[in-house]
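Colleague: Quick one: the structure is below, questions incoming.
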């Protein structure tokens, strides 16, 4: 019997038995140890029964045992030999190769994703460029069409304005013809020997009047023919006629200044302006730096090829063209609508 008892005492104690004995010596329960170590009661029970959880790594298991030993004041050196036998450190599986292969797959997938993204970006850029080019070509074609139409209208208007230019030149003809008549007046008295040739136009008229009054009744028809042409244009040179067109021009300028349309060009621009009566005031291309002042019957219909190339002022107020400039398109607007 004594031999059997001594054999039982010589049986080596395990880590779980040593921890349980130390816990009982301090009067602690498994619940109290679990609360202090922030572990489950089942984990404390498995440690005391020398059971290792299958889903728990050996590193964590050894860490729990060390924390338990510190709590019950057991030296760590005493438990390490037993712990090495009961819970040997298991070699980790070859995880780096798996992670490398996963990383390679991720990189391959990221490469395809980036290629697809760049393809979409290039397609969007290409479509945007094509859309802009089509709009640009359409605007250029529209401007060329409007320029052709305006040139045709100008040619028609030019053919109709030929009689007007002839009428305007007719009043100027008497003025041109009066000058030689006035120059011829001094020569007439010279032939008669009454007034010297160096006299002015006014003394020449006086001399001619004197010749007519002092001439005898038997004056020949040739002399009267020479004197009468010099006297015939005299009423046309009267000072009462020039103020009449001047007054009319002043009234016209005052009436048209109220509806004046001023355009300052910063670059070359095609422009067409039509007033309320349907008259084309201007149609063509203006150079940069030019100023165009138009007057007609309001409202005005404007067609501008490049809205950003000019500024418009109507009745002293600027006309807003910002929406056409932002849209980068031909501007069609009406100015002077009440």
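Just so it is clear, glycine is given a Cβ too, placed from its N, Cα and C backbone atoms.
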Colleague: According to Swiss-Prot, which stretch among 30-49, 50-69 corresponds to the feature DNA-binding region?
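Modeller: When 30-49, 50-69 are checked in Swiss-Prot, DNA-binding region belongs to 30-49.
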Colleague: May I ask you to indicate which of 70-90, 91-111, 112-132 is given in Swiss-Prot as transmembrane segment?
Modeller: 112-132
Colleague: List the helix, strand and coil residue totals of the DNA-binding region (30-49) as derived from DSSP.
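Modeller: Taking each residue of the DNA-binding region (30-49) in turn, the totals are 16 helix, 0 strand, 4 coil.
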